[in-house]
Amino acid sequence: MMNVPSAAAASSCDDFGYNATPPPPPSLLPIMDQDGGGGSIQRDHHHHHNHQQLGYNLEPSSLALLPPSNAAAAAAHHATIAHASPHDLLQFYPTSHYLAAAGGAGGGGNPYSHFTAAAAAGSTFQSYYQQPPQAAPEYYFPTLVSSAEENMASFAATQLGLNLGYRTYFPPRGGYTYGHHPPRCQAEGCKADLSSAKRYHRRHKVCEHHSKAPVVVTAGGLHQRFCQQCSRFHLLDEFDDAKKSCRKRLADHNRRRRKSKPSDGEHSGEKRRAQANKSAATKDKAGSSSKNAGIGDGFETQLLGGAHMSKDQDQAMDLGEVVKEAVDPKGKASMQQQQQQAHHGIHQQSHQQHGFPFPSSSGSCLFPQSQGAVSSTDTSNIAQVQEPSLAFHQQHHQHSNILQLGQAMFDLDFDH
């Protein structure tokens, strides 16, 4: 009796369908169930009509891509919604209907048969969601920096700072971590670590002690010595006594230091010759300047003598005119004309002495004796330049004036 209401309720639910629909199980087609409500997206109906209009049908190929149960469900659903409008592009249907169609087609091979069996046993779909969710898969993205480079970067970070003799922006010698070994002394039995030694010792692989030792036993039991000129080990026979450099390189070094230098005597002789040449040049310059000054003084003296000569000639001609007037008063006009011509010739000659050449006039032809007098005056002018005595010049001018006066009187007598 207690089961009757429940049965009636179950029958009433079957008649009217008001009971709550259980939540849908997780779909095996996540692409089709992503959009809301748990419904699936179907475009088969519209595509079916379009394919029929175009003359070909792709439904078998599309159903072949689905599992057998899904293909059967899709065929059943296509049969149930064939009355839909051809203009509907998207068709939605609940998942429960999809499962019911699949169950009606046959439970064999249905991927959702375990859900239907659980429902028949009295359980619901909520038990599925109460299970602990699976952890999300961890995806590993490999980085671009390898482990070796990371170790190198960490090592470089520890090496930053002031380190004399090293470059601080990357570790020296690669850090000696991956197949590299620190430099060690090549002396037998030493093997000293040169990582913190000077750059010279690291480069030539010798510690400071063995680089200065007189005898070093190297590999093979050889007794050698480190040459500071060659920066390598030599046999003891190549060294002189306790020298730290081999015989050959030491001789080259001494030859460079003993290059021939100019002696002090030669240097002093060259200095003296240079001073003598300099003094001779200064003397030549002084002599040329004095010669130029002497020529200028002589030229001035010549001009002064020429001026005195012209004055004396004027005085002599005036005296000649007085004498001629006294001897021949009748021929005064002709005598004056001759005197003017003579005076013009004398002035012309005086201008020639001063450096102004003029063409010869008729006066030079009328008075050939006057040309001799002028030539005598030229010689007297040269004597004036050569003799610096002013009294001698004045006396010479007086004699020339007397000669000119006598010549003029002789000409007057010759005319008469």
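Glycine is no exception: its Cβ is also placed from the backbone N, Cα and C atoms.
What Swiss-Prot records for 11-53 (among others) is region 'Disordered'.
Note on the zinc finger (182-260): DSSP counts are 25 helix, 15 strand, 39 coil. The zinc finger annotation in Swiss-Prot covers 182-260 and rests on sequence analysis.
In sequence order, C185, A187, C190, A192, L194, A197, H201 are the residues near C207 (Zn(2+) 1 binding site), counting only same-chain partners six or more apart with C-beta under 8 A. According to Swiss-Prot, the Zn(2+) 1 binding site annotation covers C185, C190, C207, H210.
Here the Cβ of C230 (Zn(2+) 2 binding site) has 14 other Cβ atoms within 10 Å, regardless of which shown protein chain they belong to. Taken from Swiss-Prot, the feature Zn(2+) 2 binding site covers C227, C230, H234, C246.
Residues annotated as motif 'Bipartite nuclear localization signal' in Swiss-Prot, with sequence analysis given as evidence: 243-259. Confidence for the motif 'Bipartite nuclear localization signal' (243-259), expressed as mean pLDDT, is 87.
Annotation source Swiss-Prot lists region 'Disordered' at 250-299 (among others).
Annotated compositional bias 'Basic and acidic residues' per Swiss-Prot: 261-273, in sequence order.
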- Query: Which are the residues of the chain, C185, C190, C207, H210 excluded, whose CB is within 8 A of where the CB atoms of the Zn(2+) 1 site average out, their centroid?
  - Reply: R184, Q186, A187, K191, A192, V206, E208, H209, S211, V216
- Query: For the Zn(2+) 2 site given as C227, C230, H234, C246, which other residues of the same chain have their Cβ within 8 Å of the site's Cβ centre?
  - Reply: R225, F226, Q228, Q229, R232, F233, E238, F239, S245, K248, R249
- Query: When neighbour density is defined as the number of other C-beta atoms within 10 angstroms of a residue's C-beta, which of the binding-site residues C185, C190, C227 has the lowest density?
  - Reply: C190
- Item | C246 (Zn(2+) 2 binding site): tally of other CB atoms within 10 A of its CB | 20
